[in-house]
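Summarising the annotation, Swiss-Prot assigns disulfide bond to 51-65, 58-70, 64-81. The feature signal peptide is assigned by Swiss-Prot to 1-19.
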């Protein structure tokens, strides 16, 4: 009887240690994933600032992409990027 109780207590202790280790590993993976997402967001933000895309607002300091041109469309009071009837070269 004492052996069975000791075995159960020992098994519970092992499970507690394993679950603690698994939780720590899961938290580390979650932090790595969060850092990766933030890096991807930062990279996409810098790419988006290089040029304005179709129907994006444009000015002298915010140029349109190569295959777009900045035009004022009536009745819109600001300039937007529209297609200049060319295709980007790859």
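Glycine is treated like the rest: Cβ placed from N, Cα and C.
Overlay of Swiss-Prot feature records on the structure.
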residue: 58; record: disulfide bond; Cβ neighbours (10 Å): 23
residue: 64; record: disulfide bond; Cβ neighbours (10 Å): 22
residue: 65; record: disulfide bond; Cβ neighbours (10 Å): 17
residue: 70; record: disulfide bond; Cβ neighbours (10 Å): 18
residue: 81; record: disulfide bond; Cβ neighbours (10 Å): 22
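Residue 64 (disulfide bond) and residue 70 (disulfide bond) have their C-alpha atoms 6 Å apart, to the nearest angstrom. The two recorded residues, residue 65 (disulfide bond) and residue 81 (disulfide bond), have Cα atoms 8 Å apart.
When secondary structure is read from DSSP and collapsed to three states, residue 58 (disulfide bond) falls in the coil class. Rounded to a whole number, the C-alpha distance linking residue 70 (disulfide bond) with residue 81 (disulfide bond) is 5 angstrom. Of the recorded residues, residue 81 (disulfide bond) and residue 58 (disulfide bond) place their C-alpha atoms 6 Å from one another.
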